[in-house]
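K.L.:
I have a structure here, written as structure tokens, and I will follow up with some questions on it.
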Amino acid sequence: NTSDISPPSFILASIPGLEAAHFWMAILLCSVYILAVTANCAVLFIVKTEPSLHAPMYFFLCMLAAIDLALSTSTVPRILSFYWFNSSEISFGACLVQMFLIHTLSAIESTVLLAMAVDRYVAICHPLRHAAILTNAATVKIGLVAMARGVLFFLPLPLLLLPLPFCRSRVLSHSFCLHQDVMNLACANTTASVVYGLTAILLVMGLDSILICLSYILILKAVLRLALWKERLKVFSTCIAHICVVLAFYVPLIGLSVVHRFGKGLAPLVHIIMGNIYILVPAVLNPIIYGVRTKQIQRRILNLI
């Protein structure tokens, strides 16, 4: 019952009764991770080597690929070491670093998705001004702003947890560290962490999702002003890939938040599966979606194969 200011370690969650299946679960997880890494690296290579793809929309796609690589790499190798080598303990410092990376990279990805929505809005509603507004220099500045925004908003999260004592169970709900999960293990007043965490989520992911919806409402109004249905479908089809990528990011994010808020009585399997979906699904789906929707990427992939 003693409390430590800096606990030596946390215990990563495992699925009760399925410890013997960890080896095979790790093989499945590793296969998905390899697919995510290969697909995102292929997107980065193709956009770099294909001059016709040197445009803001595809630079944003490269940013998404780099974010997904960093996010999955910051979590999956540690999960695999847990499943394969039974290394269930993670130090307090490593847990805070992993938590910071997960939340910061998610915030950066949300900002990039918003920038891509604005890119689609300008391209459809103001096509003559698109090249002047979204230049390559402006794209680089947007990427830097996205990084600064993610770091500034989510750097305080681990700092708020540093002085807290941890004297309860140190078993996490996931196979990696999240702010809500670690915060719930503290045996002190966590009001500041709760308020700031909720504020950061609302000002970043919440605001971004509202602005993305607003941009597509304006796009839909512009599309409906076109006379022919064929023209409407052709114009709006340019947004399909981005809409799918937005859903692939926000649906697991919302699902994980709901599980944390209302799923305290759920089986541990639900928490672990939702956490893995949140980490890996966008990383796998994003390059596949844009690979299917972009002919230049399709051709280069076929050439590489």
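Cβ coordinates come from backbone N, Cα and C, glycine included.
Sequence annotations record features per position, and here TrEMBL assigns domain 'G-protein coupled receptors family 1 profile' to 39-290. As annotated by TrEMBL, transmembrane segment applies to 23-46, 58-84, 90-118, 130-155, 194-219, 240-263, 269-292.
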K.L.:
Please give the average pLDDT for the domain 'G-protein coupled receptors family 1 profile' (39-290) in this predicted model.
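P.N.:
That region's mean pLDDT is 89.
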K.L.:
If we skip the immediate neighbours and take only residues 6+ beyond the ends of the transmembrane segment (240-263), which ones have a Cβ under 8 Å from one of its Cβ atoms?
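P.N.:
For the transmembrane segment (240-263), the sequence-distant neighbours (Cβ-Cβ under 8 Å, at least 6 residues beyond its ends) are 64, 106, 109-110, 113, 116-117, 120, 173, 178, 180-181, 201, 205, 209, 212, 216, 270-271, 274-275, 277-278, 281-282, 285-286, 289-290, 292-294.
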